[in-house]
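Swiss-Prot annotations:
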BINDING   Gln44, Phe45, Arg46, Glu47, Lys48, Asn79, Ser117, Lys146  4-amino-2-methyl-5-(diphosphooxymethyl)pyrimidine binding site
BINDING   Asp80, Asp99  Mg(2+) binding site
Amino acid sequence: MSRISKAEMSKLLSVYFIMGSNNCTKDPLQVLREALEGGITIFQFREKGEGALTGEERICFAKELQAICKEYGVPFIVNDDVELALELDADGVHVGQDDEGITSVREKMGDKIVGVSTHTIEEARWAIENGADYLGVGPIFPTSTKKDTKAVQGTKGLAHFREQGITIPIVGIGGISIENTASVIEAGADGVSVISAISLAESSYESTKKLVEEVSRSL
């Protein structure tokens with residue numbers, strides 16, 4: 001197995017759904033299924049914050065979600081927890097700046113997908129040099145899902161990454177909705193990552209379909 005190519009990674013980032021049990025008001029397994037039917041291209045398991053599952057329950061829930069992703073042939077990524085990603089033989093892991101260092105993550109994950117959240121050009125360059133396959137850049141817009149976010153960057157912040165010669169695949173993160181998706185892609189992102197735009201939508205299926213349409217229209 002070799003590392004994923006830039007072109008393949010770029011395609012996978014199109015509509016990146018992130019979810020944990022506490023991000024849904026409906027059955028999360030049903031929400032994920034609808035999102036997959038609607039066309040998400042990659043999924044990240046992020047079980048964090050108030051009311052999040054822990055221990056064995058968390059692992060069992062992750063396995064259920066992973067099995068559904070497998071049915072649809074969509075990569076299953078674990079947020080932050082490298083050990084869980086290895087235990088589940090997940091397709092990859094996504095880490096932030098305060099999580100385990102990228103060098104040791106890459107070492108442990110082998111050729112699997114490694115994504116890194118970055119807020120500055122320096123962080124981006126460090127992540128690229130040490131084995132990141134893609135960057136999560138944001139928050140682009142204000143978000144209520146994550147309580148520990150850095151300052152909002154806007155689409156200008158994202159465009160700045162491209163202007164500074166960062167060519168690695170980038171997914172925009174933070175406060176992204178159907179209405180503002182086009183502006184994120186136009187600023188230079190390969191895709192958008194969303195939580196509530198899908199998890200809290202009246203129809204997760206319809207919402208995903210609209211996101212997919214917006215991304216392909218703007219690319």
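Backbone N, Cα and C atoms are what each Cβ position is placed from, and that goes for glycine too.
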Cβ contacts within 10 Å for Asp99 (Mg(2+) binding site), all chains included, total 16
Around Ser117 (4-amino-2-methyl-5-(diphosphooxymethyl)pyrimidine binding site), how many other CB atoms lie within 10 A of its CB?
25
Among all protein chains shown, how many Cβ atoms are found within 10 Å of the Cβ of Asn79 (4-amino-2-methyl-5-(diphosphooxymethyl)pyrimidine binding site), not counting that one?
21
Report the member of Glu47, Asp80 (the binding-site residues) whose C-beta atom has the most other C-beta atoms within 10 angstroms.
Glu47
